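**Student:** Swiss-Prot lists N105, N106, G107, G108, D109, G174, F175, S176, F177, K178, G179, E180, D203 with the feature (6S)-NADPHX binding site. Annotation source Swiss-Prot lists K(+) binding site at N106, D170, S206, citing sequence analysis. Taken from Swiss-Prot, the feature domain 'YjeF N-terminal' covers 52-260.
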Amino acid sequence: MESWKGKYASGLRFSFRKRYSTEKGGTVDEDCEVISIGHKIGDISYVSQEEAQQIDQELFNEYAYSVDQLMELAGHSCAVALAKSYPLTSLKKDATVLVCCGPGNNGGDGLVCARHLKMFGYNPSVFYPKRTDKPLYKNLTIQCEQLDIPFLSHLPKPQLLSDGFSYIVDALFGFSFKGEVRPPFGDVLKTLKEVTVPICSIDVPSGWDVEGGNPDGLQPEFLISLTAPKKCAEKFAGRYHYLGGRFVPPGIIQKYELNLPTYPGTEPCIRLH
């Protein structure tokens with residue numbers, strides 16, 4: 001199977017402008033660029049849970065990436081995509097953001113994302129209820145703390161979250177998630193479902209089946225798929241869908257016959273819709 005670039009080089013590129021209301025009562029114009037790939041949006045690759053795990057292992061074993069390398073690249077791309085979707089000028093509440101982190105790699109991506117958001121001028125806080133003693137995560141936590149990013153001891157009620165934050169980043173579970181949600185994360189997801197500010201999910205909306213989705217679960221406004229979109233992303237009906245993690249080698253793209261868009265310029269992420 002040909003690569004995205006080779007097979008769809010003749011796709012149509014067009015631009016348009018959207019106008020949205022801001023939280024401050026004004027409006028903001030958004031310049032959007034869309035690549036129409038033979039008018040078949042479905043031609044983009046959506047990988048299964050097993051394929052995602054195999055790709056991850058090949059990045060580690062065959063291409064000698066380390067976990068912290070990929071986590072840094074992924075978390076940075078998340079922060080850039082969020083900054084594009086929710087510019088500082090469009091936010092009230094002093095651009096406050098809550099990043100909810102789980103115990104695994106998705107949570108690590110969230111910690112990296114929080115650090116970069118801070119460097120971009122946002123005011124992130126972190127809710128990290130199940131910490132780990134692994135050095136990688138301890139170091140990521142220290143890096144956030146050294147930037148005076150506050151860590152919440154408990155998750156406030158939905159109304160307080162909605163009043164206190166411009167949006168909430170869901171970095172609880174990634175593509176390795178299976179089975180039932182375990183404590184304390186069931187209560188966390190229940191609370192997040194009741195907030196009125198945007199939920200922004202990293203790679204997989206937490207609580208979703210990685211392939212089948214979850215129509216009754218969290219319904220984020222924003223999703224950034226990492227490496228390649230997972231099958232559940234086909235069920236995503238939110239406003240912003242990005243692809244990030246610009247580190248997939250051509251050999252993996254060819255081996256898994258991935259149809260992925262070409263990142264523009266030096267961008268670490270690309271908007272899919």
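Here the Cβ of each residue, glycine as well, is placed from N, Cα and C on the backbone.
Just so it is clear, the model here is predicted, and its values are computed rather than measured.
Thinking about packing and proximity, how do these listed features fit into the structure?
**Tutor:** In three-state terms derived from DSSP, D109 ((6S)-NADPHX binding site) belongs to a helical segment.
Non-local neighbourhood of N106 (K(+) binding site): A171, L172, F173, G174, I202, D203, V204, S206, each in the same chain, at least six residues away, with C-beta under 8 Å from its C-beta.
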**Student:** For F177 ((6S)-NADPHX binding site) and D170 (K(+) binding site), what Cα-Cα distance in Å is obtained after rounding to a whole number?
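**Tutor:** On Cα coordinates alone, these residues lie 14 Å apart.
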**Student:** For the domain 'YjeF N-terminal' (52-260), report the average pLDDT of the model, please.
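**Tutor:** Value for the domain 'YjeF N-terminal' (52-260), mean pLDDT as a whole number: 96.
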**Student:** Given the binding-site residues F175, F177, which one is most crowded in terms of C-beta atoms within 10 angstroms?
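**Tutor:** Sorting the candidates by Cβ neighbours within 10 Å, the top entry is F175.
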**Student:** Given the binding-site residues G107, G179, and counting only Cβ atoms in the protein chains shown, which has the most within 10 Å of its Cβ?
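**Tutor:** Its Cβ has the most other Cβ atoms within 10 Å: G107.
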